[in-house]
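Visitor: Got a structure for you, questions after.
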Amino acid sequence: MNLRLSLPLILVLIIVPQSIQGSGLKTFLNTLSPKSPYSFVFPLSGNVFPLGYYSVSLQIGNPPKDFTFDVDTGSDLTWVQCDAPCSGCTVRTELQYKPKSNTVPCSDPICSALHWPKKPECQNPKDQCDYEIEYADQGSSIGALVVDQFSLKLLDGSSLVPRLAFGCGYDQHFLSAHPPPATVGVLGLGKGKISILTQLVSAGLTRNVLGHCLSSKGGGFLFFGDNVIPSTGVSWTTLVSPGNHYTTGPAELLYNGKPTGLSGLKLIFDSGSTYTYFNSKTYQAIVNLIGNDLKGKPLKDVKEDKTLAICWKGATPLKSVLEAKNLFKTLTINFKNGRTNSQLQIPPESYLIVSKTGNVCLGILNGSEVGLHDSNVIGDISMQGTMVIYDNEKQQLGWVSADCDKLPK
């Protein structure tokens, strides 16, 4: 079981160099305008259950080497397990990143930005610039900032090779209760300066827009830029600023299309969280609504299934959520945008899973019990089958139903 939560407790802000690898690219970049239509699309692997994460493979270094990253819109820093050597690494040495005298020194302005408002604690200006990041599930990574080239494919099939800053993690910690994904690192896609997207935007390579489409069958795709966004049918709501998280709201919660009395909710959209989390009051109200709705129906509470906090057992083991979806109702998040409303539908198949023993379990959890306090988090389970768009240029978040099994062309 992977109750992954990605929201960082330590936010990392770094101003990144805008250098790009290769003489040919210099001429190419001079032709770009702020409205350049270049987009990147990356296939995804993974699923909500049983894996608990979606991952992307990226090539780093020269010659390029493949690394798999947990896709995380809930944090900024991209880091990879690093053979420096490594303590607490979860992958074999040959799969780790090997630094080649490419660490960022303490004297570099990006190191000062990393430690702001404090100053870097360095005895020598030539010492490496260290980072430490801790996540809401109490996993953490300690390492040094490095710069290397990434081989990135554009939507049209051509490639670019920008040099980007990321973390070389040589000391990782994971709680035994939350096994880490079988990835080599985290792809941080938050709004901070160190985010890979922010660096690409600073280099003039793409628009400050990203999105993902997570398939309920497993896999999907991730994109940077706005070329793959449908021209019609997208619902939008405003992103709350400041802050590095993709926060929306206030919103109200509907159950089966009817008001629940729960309003004023702010919600963080976080692809680094497997499940959806609500604060204690909202969570308990949802549990009560579902529980009352299930009375007289052929599902009974089952305490021995520890897959998630709440599971139900049918007359026979279930193979798919689709077999039980008609027994549950749709949750709706209603965003009030001035005079207009936009609604995010969360049907039963986007908040339920079927456990390995064939029981149906609630993929909505109590965030107050895992250190999220009053925060609400929309995780992977509730974003399946939907293209979710994080538009940093217009400070808005969008969504539209989509076929996440087909890569855009």
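Glycine is treated like the rest: Cβ placed from N, Cα and C.
The signal peptide feature in TrEMBL is assigned to 1-22. Residues or ranges marked as domain 'Peptidase A1' in TrEMBL: 54-400. Taken from TrEMBL, the feature active site applies to ASP72, ASP270.
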Visitor: Validating a neighbour-count step here. Other CB atoms within 10 A of the CB of ASP72 (active site): how many?
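Guide: A count of 26.
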Visitor: Over the span of the domain 'Peptidase A1' (54-400), how high is the average pLDDT in this prediction?
Guide: 92
Visitor: 10 Å Cβ neighbour count around ASP270 (active site)?
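Guide: If we count other Cβ atoms within 10 Å of ASP270 (active site), we arrive at 28.
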Visitor: Cα-Cα separation of ASP72 (active site) and ASP270 (active site), in Å?
Guide: 7
